[in-house]
Amino acid sequence: MMNFLSSDHTEGWHSPHGRRIRDIVLGMNDGMVTVVSFLGGLTGSAISSRAVLLGGIMTGIAGSMSMFFGGYLAAKSQSDFFQRERDREWREIHDLPQMERNEVMEILERMNFTQDEAKLFTNRITSNPEVWHEFMMKEELGILDSSKGTPFRDGAWLGLSFLLGSIPPVIPYVLENNTGKSFNLSLFISVLSLASLGIFKSRLTREPLYKGAVEMALFGGIAAILGLFTGTILPRIIH
């Protein structure tokens, strides 16, 4: 209808498609960093390669379940909140129409419309209850149609992404019995995978490619080394 009711608000990284990709990047990053740091801890504690492998697999599965339920509950809570706000806005339009008309006027005036223009647009907007409601949701509350949650799908994407991200770090432990060599290869694969994921993220966010690559690879590498250090030190402290 008008520019301030257009769908341009949902472009790019904040669109439903962009948000889904963001969830995938988040899930895969968490999966790789969590598992490689856990593998580092187990490797440092000098247990068998098979035990490290099983620990890594179980961590990936448990983490993916945690991400699924966390994503589901977060999306469900958001969806319930937005629905309550939608219902409340309908009630206010029905029960307090003049107050809501005044709010439309105030919003338009804050957008630098003249008073005459604001009156004209207010009359047009409030003549259609659906448009009126949509305007109030977007411009007063900042809630878009794309904000509607899909709890199961959101949780599933996060969980599956975490599980997928947890696979690269454990592959060396399947192929090599020496835990030290396996960890070195696992760290190399994970850092390389995280750098690739960072480049992908940077392309989406239109940042310099090296920024995302270095950032994600650096944090993942630090987490893995800290895990190895912790696994080496703790057994000496706790007998």
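Cβ atoms are placed via backbone N, Cα and C, with glycine included.
Copied over from TrEMBL, here are the features:
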| type | residues | note |
| --- | --- | --- |
| TRANSMEM | 24-47 | transmembrane segment |
| TRANSMEM | 53-75 | transmembrane segment |
| TRANSMEM | 156-175 | transmembrane segment |
| TRANSMEM | 181-200 | transmembrane segment |
| TRANSMEM | 212-234 | transmembrane segment |
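Looking at which of 24-47, 156-175, 212-234 has the most CB pairs under 8 Å to the transmembrane segment (181-200), the answer is the stretch 212-234. Within its own chain, the transmembrane segment (212-234) is flanked in space by residues 29, 32-33, 36-45, 183, 186-187, 190-192, 194-202, 205, which lie at least six positions past its ends and keep a Cβ under 8 Å from the stretch.
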